[in-house]
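Visitor: Residues or ranges marked as topological domain 'Cytoplasmic' in Swiss-Prot (evidence: sequence analysis): 1-16. What Swiss-Prot lists as transmembrane segment is 17-37, and the listing cites sequence analysis. Taken from Swiss-Prot, the feature topological domain 'Lumenal' applies to 38-522, supported by sequence analysis. Residues or ranges marked as N-linked glycosylation site in Swiss-Prot (evidence: sequence analysis): 86.
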């Protein structure tokens with residue numbers, strides 16, 4: 001699987017490939033896609049159900065959409081139990097992105113904020129122009145809008161780093177290797193800022209919650225409830241709408257530094273950690289050598305058989321006739337002598353980063369999930385490693401891994417009912433049945449819809465008045481690897497989550513020894 005992911009990543013990042021190489025890569029990717037992706041695992045982890053994830057009910061007892069359909073927003077707001085939260089939208093942008101900023105604001109206002117009037121915080125590494133601020137205020141309806149400038153220390157790399165040959169050489173080298181955005185210094189700065197500094201800005205610090213926005217994003221469904229309030233009510237601390245694998249060559253050493261941090265600081269991990277890691281501790285045995293050799297379940301039978309065959313051979317002592325007759329034992333002894341222990345390239349302390357991450361250009365979260373001692377120390381540790389410029393660490397994998405140091409799976413919410421697009425990736429749910437129960441009611445004439453046609457409701461749908469683009473494939477189906485892990489873990493008992501059930505090595509060894517002795521005798 002890792003080889004396949006790396007091949008896909010190489011193809012995605014290889015903008016300078018020649019035609020022949022590109023065709024070969026495309027053929028390989030399509031082949032593996034048919035084998036691995038077109039038949040996603042069912043929610044219980046089996047391959048017996050071939051339905052795409054987008055056509056399945058992924059709700060579990062531990063996490064599900066807050067509402068299974070549209071709600072009457074007017075009644076919701078008038079309910080005495082409704083309490084508006086201390087929350088804000090946050091967007092990092094530049095003066096030249098005004099058109100895309102307005103596009104985002106119009107979309108989130110129409111689908112949500114025209115009813116809830118949450119404030120906006122816009123951040124820029126340069127002062128915002130007056131024209132930019134005026135036009136942004138024109139398109140927000142009844143919401144407070146604040147503009148902030150990021151200070152030099154928060155935006156730029158330290159002078160003892162950025163003024164060195166090593167820094168510029170590392171950036172240029174990433175461009176030469178066609179690492180996506182790797183040669184853009186500004187992109188490295190943005191990732192570093194969002195990884196561990198955005199929540200320190202004074203304008204953001206005023207709030208308990210934030211909802212991240214980007215220029216040029218679209219929302220496809222109406223959000224008729226308050227996500228901040230519902231997260232508070234259900235003890236959720238972080239919410240996402242897309243989870244996908246990262247490009248391997250952007251973060252080759254991120255996990256190594258993370259494991260080093262955990263070891264040095266003695267961090268007690270939350271269960272969310274299991275969402276982002278592959279566990280190689282899949283073989284329970286009293287034999288430490290077997291545990292060390294076996295990384296995959298398919299290796300277990302062969303290694304146990306080898307061990308037993310050699311043990312039986314050695315029991316023959318100095319009887320060379322019996323030794324010579326024991327062909328099975330001799331062959332296994334020779335095989336073991338010639339074998340090298342299989343090294344899993346990115347395995348550290350029996351774990352490997354599986355590359356999954358929450359796509360952080362959309363996230364709704366408590367600021368405290370970042371602004372705490374462990375996460376702040378984690379960011380500082382990564383900062384000192386130089387990975388934000390030596391490699392192209394994105395804020396999405398840093399956020400995801402950093403959150404898993406402290407959060408449990410139950411602290412996280414999948415906003416499956418929120419349709420969302422950024423760049424070329426989109427998630428858009430099917431509408432729930434009965435969307436027509438509560439008709440759309442605009443709070444302002446600018447948001448009135450004429451002859452609006454919504455997607456047909458489905459039994460497994462959860463969206464409210466969604467209108468999904470038809471030409472783009474649903475990300476749950478095209479990159480379902482990480483979604484499958486999420487659903488499998490959430491379907492397990494709290495505190496006992498595993499990707500796969502560990503093999504009982506002692507029991508396997510007992511059965512294999514019995515079979516061996518029946519076949520080959522003493």
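Placement of Cβ uses the backbone N, Cα and C atoms for every residue, glycine included.
These numbers come from a predicted model, not from an experiment.
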Visitor: Long-range neighbours only, meaning 6 or more apart in sequence with Cβ under 8 Å: which ones does residue 86 (N-linked glycosylation site) have?
Guide: 206, 207, 208, 209
Visitor: Average pLDDT across the topological domain 'Cytoplasmic' (1-16)?
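Guide: Mean per-residue confidence for the topological domain 'Cytoplasmic' (1-16): 46 out of 100.
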Visitor: Three states by DSSP: which one describes residue 86 (N-linked glycosylation site)?
Guide: coil
